[in-house]
Structure formats: C-alpha cells, structure tokens
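Below is one structure; the comments refer to it alone.
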Ligand SMILES: Nc1nc2c(c(=O)[nH]1)N[C@H]1C(S)=C(S)[C@@H](COP(=O)(O)O)O[C@H]1N2
Ligand SMILES: [Mo]
C-alpha cells in the first residue's frame, strides 16, 4: 500500500513538473505560493527515494511467485504475468534513472527527461492494471485481520525502518529543517555565495564581454541597457528558492530589477510573456519562457545580486532570472536577451 502511495505521489508530481516545463495552452502554473514548485518537486524526489526500499521489500515478498511453474497456465494468467514483468521493469527503470539523475550522472545515451517521462506513464498504467486485477486480494488483505505472524511483522518493521532511514538521510537536500541530519543530502549549502551551482560558466562555455548589454526586444524595436543602467534602476529584493528538478533546493536573497518594470520601461503591455535567452550558445537550458502569471509578479526579477553580493559568474553574472514557484532549469543564467512576446 505504501509503495502504491509513493508511486502515485511520484507520478502526479512528475506530471506537474513536466507540465510546468512544457506547458500546453490549457495549463497555467501560479507564481504563488513562492515555494510551490520546491514542495511538489521535493515530494517527487522524496517519494521516489522512499519507493526504493519499499519496492525491494515488495519484490522480496513475492519472489517465489516470480518463478512459479508452469510459466503460463491460461491466457489471463499469461497476460497478468506479462503485466507484472512490465510493471517491475518500469518501476526499476524509473527509480534507477531518477537516482542517477539526482547524482547528475548519466551513464547512458538516451535523453533522461523524455525516457523518464514516457516510462512514468508505463509504470502508472501497469500499477493501475495490477491494482485492478488484484482488487479482491487487496480488499481481503486490508479488511480481514490476519493472524499475528512475528516473522511477517518484523519484516514489515524492517522495511519501514529502511524507508525512514533512506528518507531522513536524503531529504535535507530540499527540506531546510533536515539539512543537518541528512548525511547523504547532495549539494545543499555548497558553492559560491552559499548556494550550489548546477552548471558552471566554464561547463557552459560562457564568457562575459565587458561591453555586455541586456537586449530587450519588442515588436517595435530593441532597447539595450548596460549593467550600470540596470543597477541605476529601482531595485527589489526577495528571498526565493532555487528548486532544481534534480531534487535539491535552497533559498537565497536576490536583488535586481523586476521584469515587470523592464516590460513597462520598453512600453510593452504588463503581464506579457517574455522569452529569455542566455549568452550560453548551446545547451538545453539556454532559454526559457516567463508566462504572464510570472511576469506580473513583482518578485520575478532580473537578478543582479545574490546574498548581498554581485552575482558570481557561476550563478549567472551579469544577470539572471529568478522567479517564484519555478523549476531551477527555468531560472536562466547569464541573460543576454528578453523578448516580449
Ligand atoms: N543558461 C543557463 N541557465 C541555467 C542553467 C544552465 O545550464 N544554463 N541551469 C539551470 C538549472 S538546472 C538550475 S537548477 C539553476 C541553478 O542555479 P545556480 O547554479 O545558480 O544554483 O540554474 C538554471 N539556469
Ligand atoms: Mo536544475
């Protein structure tokens, strides 16, 4: 039952994350509360980690059945076994690729995002099918009091203990309260200016020309602003988290020019969508789009400062996007152009 809960949470939060990153026309994602994406993605990764020991316990408890003979008894039996094969394969694939992604380790040639997303549907579908087929057994198991079996009880206890240890050991990557008790939490509190770096300027092959200008493009023309001109505009400060899809998140204090002010400055309508492009030439995260729900929010900043200092190059100097309730991948660094759509 807890494995089912973990998979359901993973599926729903994963779907949300996918929709936020690739929004279809009907989908809107609010900018408030500011930590919303941090929470949904934190749940995604924590539930995924909890599912690892739960899945192993589940497989252990049905292990003899996996090798029962005859292999096939009837057509429904064959279909059921096939669906369990798909279910176990998909579940393993999701948890393994998720764990590797959290470690930023990609020892394969496929594109993680597309594969993890597609197999997520396969896993969800086969879980649903499996639960439907086993509903009578599940109902009996949940309603009837089973006789006390010490071996079974201690097995369950050990399973839950292993799950709790896995969660507590890693949840500090995203839950501030657990930061000091999670020895395996990855990358929190490290990096320049007290914030982890996901991709360094060197890795992204970004160098910033001393003559850097921010380009703001509208239907009617292009406005270019130097760093001195940007720092001369009214500044706003907000405490907002970077919430990486890989499951780490950390809050920081950002100062910069609200994107809404820049839109107003160039005479474009408030709440316009804005396409953000980085100095980075190649890479999946060199551009992003700020929807109207975000450009309207006063805390959506073209940030120039982080935790009281000028942005470090690795955090996106001279300017980066930071907006409430937004996946880390969309918090574009080394901004070069804003295009009002
Ligand atoms: N141009 C650019 N911006 C980027 C990225 C990138 O690779 N290129 N990585 C993104 C990701 S995945 C995250 S989590 C955040 C991390 O910001 P930080 O490195 O300042 O912590 O930056 C985002 N902005
Ligand atoms: Mo990220």
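All positions are counted from 1 along the displayed chain.
Cβ coordinates come from backbone N, Cα and C, glycine included.
Whatever TrEMBL says is automated annotation, not expert-curated.
Of all ranges given (41-61, 188-208), TrEMBL attaches the label transmembrane segment to 41-61. Looking at 4-28, 154-178, the stretch flagged in TrEMBL as transmembrane segment turns out to be 154-178. TrEMBL tags one of the stretches 108-133, 212-237 as transmembrane segment, and that stretch is 108-133.
Cross-referencing 82-102, 250-270 with TrEMBL places the feature transmembrane segment at 82-102. Per DSSP, the domain 'Oxidoreductase molybdopterin-binding' (211-340) is made up of 23 helix, 57 strand, 50 coil.
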